[in-house]
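A.B. asks: Handing you a structure now.
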Amino acid sequence: MTGTTATVAERLAVLRRQQAFAAADEAALAGLIAVRPPERMPRPDPVWDDAAVLVHEVVGERYRRLVLASATIATTALAGQFLMITVPPALGERILLPRPMAIHRRHPEQGTVEVIYGVAGRGTTALVDVGVGERLLVTGPLGRGFEFPDAAGPDAAGPRPARTALMIGRGVGVCAIMGSVEDAARLGIDATVVLSGRSRANLIGSADCAELGATVIPVTDDDGSSALAALGERLRGLFAGAPPDVILVCGAGVLARLAAELGAEWGVPVQVSLEAHMACGLGYCHGCAAPVATDPAVEGPLVCVDGPVFDAVLPAG
Amino acid sequence: MTIAPPMPPTDARRAFFDARRAFEAVNLSVRIGSLTLANPVMPASGCFGPALGRLIPVAELGAVVTKTVFGTPRGGNAAHRLTELRAGMVNSVGIPSRGAAGYLAAQHPLYLALGVPVIVSVGGHRPGEYAPVVRGLRGAGDAYELNVSCPNLDRHGTDIGSDPDAIGTVVQAVRRETDKPLIVKLPVLVSSIADCAQAAEAAGADAVCVANSIPALPLTADTRSPVLGNVIGGLSGPNIRPVVLRLVWLAARAVDIPVIACGGIETADDALDYFSVGARAVQVGTASFGRPFAMVEIIRALQERCEGAAAADIAELIELWRA
Ligand SMILES: Cc1cc2nc3c(=O)[nH]c(=O)nc-3n(C[C@H](O)[C@H](O)[C@H](O)COP(=O)(O)OP(=O)(O)OC[C@H]3O[C@@H](n4cnc5c(N)ncnc54)[C@H](O)[C@@H]3O)c2cc1C
Ligand SMILES: Cc1cc2nc3c(=O)[nH]c(=O)nc-3n(C[C@H](O)[C@H](O)[C@H](O)COP(=O)(O)O)c2cc1C
Ligand code: FES
């Protein structure tokens, strides 16, 4: 779109659309986010490790997959937790801050975890140069992940464990929910996973979902199926009369809002994983303020320790 | 959904804890007023938290320094609060604080449990706000670091620490509250660092810390709009080292009290640069984010350097180079 033949007016229009989209995506979270109640499971202690890079390969058109060896992290990480990855100095580039990355897959038997990243800015561009056999400094597992809350039982029967889940991921946001797809497979929870991306060649997670026995709904921008209205109608139709017990979402503010709307209609809880610029990942630098309006005299929640997973609840009214 | 591992797996962190060894012939201890630190390496304010105690052997540090505590609770700035540019990292965290009472209740016990001296960083928006915070801390902490790199609301927002008179006012007022060692943490943008350091010394400070981060304005690469919610923030990291090195050199020539260097320190060599221009201790900030164990690595390397050169301390090591 921004090729050299485009006029200034055309390029400006594209940029403005991108900016408007980014602003709308941020605005969609307004009033939506709440810190989750204390988790039922104790959180594992994070460690740092010199993780050997076992695989580093291109995935689709825009992403790369890393398989990292760290037995401690692989055996303790909970669904939806993340790592801080320190990017080693590349040719001419020093990356000071570690980059937060979702733990896409856990393989405790092999002592490995998988991460998928998109090449976006300086940090991820420098990460591309890390070779198989080299070591990456990683800290984790970090943050509060997704949980399957008990569902309200019929009448007075009381709560019961979740049986079905709808998960929605877009772009690299899919990585944050894949741990929950793993958990669902182990717990016998029926998982329906919406994978959203620009095009079929850019969808993350199809093979993982197939392996884990989850039902996939691929939606893309190029055929319009990822458009919010279309996706909303499709999900309302699919779950008519039998809503999922929980909705987990990551990757776009507008998708979190759609999920919160569906959750309100169906009366089911919604959890969303958020991103923020981070330095420490441990809660002490106070760099990762969550988009939650609070009293100016009180610090709001931090994405790295109070999240990255929050409840998404439609504001009243 | 915790999967209990059959055997606790080992990781690089554990190996790092185990690699500690004693250096009998080396003495890295340093005095800050009445306080003796086992070695001269400590975190920079805002770049450390008790949570690091699980990741690094904090007991090996000379001291820990808290995030700046203000008298009344503050929320902190809007997102984004930090970013990274080619020039370094820029933060505009805005110093969220629970106030002195909140710090005492929620944070101080966690710092105390670390088992090393705790230096509490204290902030204010007016020269008169520092002493009440120290009073509110009710004796908690082994020393106080007065973060005077804060806009002075009594003087149209010029930094308190760029005004030698204001520095004197702050230190004298705090001195009346406590006998504990006082460190004055100076800003980078001052017309004379020597005047500022001397004002602190004359008013009864036991050390100066040089320096805080450097005011900066980061823009996005594509639209050249501000990255930070607060528009401006503080630049830190290795690129500020030569700038701060000059300031430390100037300050160390101007005062007899110890100068604690802070700015871009990542390795023992960086620390030795500062020691060689007169610093008596060092603080490590940004480097800990990417390498949480950086401070401990520096301490161990300083000990090894001294041992390798058969020097009893850092002063002897530097003398040996010069000879
Ligand atoms: C909990 C969490 C999980 C994440 N999981 C993934 C993942 O699985 N795969 C993936 O590709 N990316 C993920 N991200 C985003 C990732 O951390 C990178 O920051 C982002 O890809 C930007 O890449 P960069 O470092 O090349 O950008 P740069 O331009 O080099 O970044 C400059 C600064 O901005 C910050 N920044 C820029 N964009 C983002 C962003 N979207 N989110 C957070 N910080 C940003 C960087 O951390 C850095 O401080 C995650 C972020 C969070 C908070
Ligand atoms: C995220 C962050 C938070 C900081 N918070 C404080 C603070 O609360 N009080 C203070 O005096 N300095 C604060 N600083 C400044 C550091 O203590 C230090 O002076 C500065 O970062 C330079 O050192 P460095 O290059 O080693 O990081 C902060 C720096 C960073 C990066
Ligand atoms: S990243 Fe440091 S507090 Fe969240």
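Think of each number as a place in line: the chain as shown, counted from 1.
Just so you know, glycine gets a Cβ as well, placed from its N, Cα and C.
The domain 'Dihydroorotate dehydrogenase catalytic' annotation in TrEMBL covers B:28-304. What TrEMBL records for B:SER45, B:LYS67, B:THR68, B:ASN147, B:LYS185, B:GLY237, B:GLY263, B:GLY264, B:GLY285, B:THR286 is FMN binding site. What TrEMBL lists as substrate binding site is B:LYS67, B:ASN91, B:SER92, B:VAL93, B:GLY94, B:ILE95, B:ASN147, B:ASN212, B:SER213. Here TrEMBL flags B:CYS150 as active site, nucleophile.
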A.B. asks: Counting every protein chain present, what is the number of Cβ atoms, excluding its own, within 10 Å of the Cβ of B:ASN147 (substrate binding site)?
C.D. replies: 28
A.B. asks: Could you state the CA-to-CA distance between B:SER213 (substrate binding site) and B:THR68 (FMN binding site) to the nearest Å?
C.D. replies: 14
A.B. asks: Under 8 Å Cβ to Cβ from B:GLY263 (FMN binding site), same chain, six or more residues apart: give me those in sequence order, or none if nothing qualifies.
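C.D. replies: For B:GLY263 (FMN binding site), the qualifying residues are B:VAL188, B:VAL210, B:ALA211, B:SER236, B:ILE240, B:ARG241, B:VAL243, B:VAL244, B:LEU245, B:VAL248, B:GLY285.
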A.B. asks: Test of understanding: give the count of other CB atoms lying within 10 angstroms of the CB of B:SER45 (FMN binding site).
C.D. replies: 27
A.B. asks: So of B:GLY94, B:GLY285, which of the binding-site residues has the fewest other Cβ atoms within 10 Å around its own Cβ?
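C.D. replies: B:GLY94, out of the binding-site residues B:GLY94, B:GLY285, has the fewest neighbouring Cβ atoms within 10 Å.
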A.B. asks: By a simple count, how many Cβ atoms lie within 10 Å of the Cβ of B:SER213 (substrate binding site), its own Cβ left out?
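C.D. replies: 26, counting other Cβ atoms within 10 Å of B:SER213 (substrate binding site).
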A.B. asks: Please classify the secondary structure at B:GLY94 (substrate binding site) using three-state DSSP.
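C.D. replies: SS state of B:GLY94 (substrate binding site) = coil.
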A.B. asks: If you count Cβ atoms within 10 Å of the Cβ of B:CYS150 (active site, nucleophile), leaving out that atom itself, what do you get?
C.D. replies: 22
A.B. asks: Looking only at the domain 'Dihydroorotate dehydrogenase catalytic' (B:28-304), report the model's average pLDDT.
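C.D. replies: Mean model confidence (pLDDT) across the domain 'Dihydroorotate dehydrogenase catalytic' (B:28-304) is 94.
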A.B. asks: Check B:LYS67 (substrate binding site) against DSSP and tell me helix, strand or coil, would you?
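C.D. replies: Its secondary structure by DSSP: coil.
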A.B. asks: With every protein chain in view, what's the tally of Cβ atoms within 10 Å of the Cβ of B:LYS67 (substrate binding site), excluding that atom itself?
C.D. replies: 24
